[in-house]
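> Pulled from TrEMBL, these are the listed features:
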type     : residues : note
COMPBIAS : 16-28    : compositional bias 'Polar residues'
DOMAIN   : 176-334  : domain 'Lipase maturation factor 1/2 N-terminal'
DOMAIN   : 401-546  : domain 'Lipase maturation factor 1/2 C-terminal'
REGION   : 16-37    : region 'Disordered'
TRANSMEM : 68-88    : transmembrane segment
TRANSMEM : 182-200  : transmembrane segment
TRANSMEM : 212-231  : transmembrane segment
TRANSMEM : 304-329  : transmembrane segment
TRANSMEM : 365-386  : transmembrane segment
C-alpha cells in the first residue's frame with residue numbers, strides 16, 4: 001500500500017533555526033498521544049488555541065482515514081459521472097426529455113447565471129449537440145477513477161469535481177433533484193480542506209487533515225442521520241407504530257433480489273428493524289462527537305455498518321456510499337480494523353519550516369475563515385432539524401455548502417407502476433381487438449412479472465426512479481413522460497433513448513410503433529410459499545394517459561407550451 005514506516009528520532013535544533021516541528025521522541029515507535037505532552041505545556045490556553053486553530057492538528061493522525069475517504073469519493077464520482085455520460089444526453093441533452101438549454105435560457109432571462117451557476121453557460125452548442133455534456137461527464141469519470149485506484153488527491157482535483165457536479169446539478173432539473181446530489185457537493189467541499197493543496201502524495205507530512213474540518217465532517221454525519229431520523233418520527237405514522245418495514249422492501253424505488261427475500265420476514269422482525277433504524281439515526285449520531293475515542297469508533301462503526309446493510313437491501317444509487325464518507329472521520333489511525341486494511345504502520349513526523357511554515361499559516365487562516373462560514377451557514381439547517389415543519393433535502397444557500405437531509409419520511413403501502421406500451425397496427429380498434437400492445441422494458445424497472453429485480457447501485461438509473469415517482473401522480477405533473485412517449489414513437493434500435501431501456505426492452509427494434517399509451521398496474525411481491533415462480537404479481541390495470549400518435553394535436557400543443565422540438569422518425573443523436 002505504498003505506506004512507509006517512519007520511526008521517531010531525536011532531532012537537534014539549531015539555535016538560529018526557527019523551524020516549527022511536531023515530532024515524536026518515544027523509542028517504541030508508538031504515536032504520541034495528547035497525554036504524552038508535558039502537563040504545563042498541555043494545560044495552557046495558548047497551546048490549546050494554537051493546536052486547534054493555528055496548527056489545526058490533533059494528537060491523533062488521520063492519514064489512513066484520508067486515503068479511504070479519497071477512494072470512496074472516487075467511487076462515488078466514477079459512478080455518478082459514468083451514469084451521467086450514458087443518460088444525461090437522453091434526459092437533459094439537446095434532444096432530451098427536459099433539454100438543459102431551454103432551462104438555462106429561462107434561468108438567464110429571469111435570474112441571471114449566478115442564481116444557479118454552471119460552467120455549461122459558457123460552453124458552446126448546448127442547443128445543437130451533446131458534446132459539451134459528454135466532455136464534462138467523461139472528464140469527471142476519469143478523475144473519479146484516478147481517485148478510486150490511486151488513493152491520491154489534492155484540493156485542486158476536488159475543486160474541479162465540485163465544479164463539474166455543481167454544473168450538472170444546476171441544469172439537471174427534475175432528474176438531478178435528489179438529496180444525495182447536494183450531499184455529494186457538501187462532502188466534497190469539506191474534503192477540499194482535508195487533503196493537500198497541490199501535492200498528490202498519499203502521506204503528505206506537511207498537510208495533515210485539519211482538525212476543524214474533521215469536526216465538520218462529524219457534524220455532517222450527525223446532521224444527515226438526525227435529519228433522516230426526525231423526518232421519519234414526524235412523518236409517516238408507520239415509523240411510530242413500527243410497521244414501515246412491512247412495506248419498504250416492496251415499495252422502494254428499485255428493489256433488488258435481496259429485497260424480495262427480506263420482504264418475506266415476519267412482522268416481528270420488521271418491527272425490530274425499525275427500532276434499530278431509530279437507534280442508529282436518533283441516538284448514535286451524538287456519540288460521533290466528544291473526546292472519547294472509543295465512543296467515536298463505536299459510533300462510526302455502527303454508521304458504516306448500517307449503510308452497508310442499506311446497500312445490500314436496495315438500489316439507492318450513491319446515497320449510502322456518500323454517507324459513509326463523513327462517517328469515516330469518526331476513526332483516527334488507531335482504529336482497530338485499519339490493521340487489517342493497511343499492511344504497514346504509519347508513523348509521521350509533521351514538519352513545517354521556512355516557506356512551508358508561512359504557507360501553513362496562510363492556509364490555516366483561510367481554513368478558519370471557511371470554518372466560520374460553514375458554522376454560520378449551519379444555523380438554519382440546525383434550526384430546521386428542530387422545526388415541526390422540517391424541510392427534507394433542501395439547501396439554504398445557492399452553492400449548496402450546507403444542506404438539510406432526510407429519506408423516506410413517508411413509506412408507500414402499495415406499489416403502482418406505469419407501463420408504456422406501443423402498437424403498430426393500422427388503427428387503435430385493431431390494436432385492442434388483436435391485443436397487439438407490446439410493452440417497453442426499462443432498466444431495473446418492474447415490468448414483466450417473471451423478470452428478477454436487478455442490482456444497480458451505485459450506478460443511478462435516473463429515469464427508472466422518475467417513473468417510480470410518476471406512478472404516484474398523474475400525467476399533468478409529469479410532462480416529461482409525454483416527451484418520452486414521443487421519443488419512443490420516433491425510435492428504432494439505433495436511437496439514443498434505448499440507453500434507458502433494458503437489453504431487448506424495445507419491442508419495436510426495426511421501426512417505431514404507430515400508437516403509444518401508458519397504463520397503471522398494481523404490483524406486489526409474490527410469496528415464497530405460494531408456489532408462484534414469478535417475482536411479481538400484478539393486477540388492476542388502469543389507463544394513465546391518452547393514446548398518442550406523432551400527429552396528435554394534443555401532443556403538438558404540449559410541445560409548443562414546453563418549447564420542445566417535435567421528434568423526427570427515426571430519431572438520431
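The backbone N, Cα and C atoms fix where each Cβ goes, glycine too.
Mind running through what each feature is packed against?
Mean per-residue pLDDT, taken over the domain 'Lipase maturation factor 1/2 N-terminal' (176-334), amounts to 94.
Within the same chain, residues 66, 69-70, 73, 76-77, 80, 150, 152-156, 158-159, 161-162, 165-166, 169, 206-207, 209-210, 212-214, 216-217, 220, 224, 318-319, 322-323, 325-326, 329, 363, 367, 370, 374, 393, 395, 399-403, 405 sit at least 6 positions outside the transmembrane segment (182-200) and bring their C-beta atoms closer than 8 Å to a C-beta of that stretch.
Remote same-chain residues near the transmembrane segment (304-329) are listed as 62, 65, 68-69, 72-73, 75-76, 79-80, 178-180, 183-184, 187, 190-191, 194, 214, 217-218, 220-221, 224, 249, 252-256, 258-259, 262, 276, 280, 288, 407, 444, 454-461, 465 (criterion: CB distance under 8 Å, separation of at least six residues from the stretch ends).
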> Of the residues in the domain 'Lipase maturation factor 1/2 C-terminal' (401-546), how many are helix, strand and coil by DSSP?
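With helix first, then strand, then coil, the domain 'Lipase maturation factor 1/2 C-terminal' (401-546) has 37 helix, 33 strand, 76 coil.
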> Taking a Cβ cut-off under 8 Å, which residues six or more beyond the ends of the transmembrane segment (68-88) line up next to it in the same chain?
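Tertiary neighbours of the transmembrane segment (68-88) are 96, 130, 133-134, 137-141, 143-149, 151-153, 158, 161, 164-165, 168, 172, 184, 187-188, 191, 194-195, 318, 321-322, 324-325, 328-329, 341, 458-463, 499-500.
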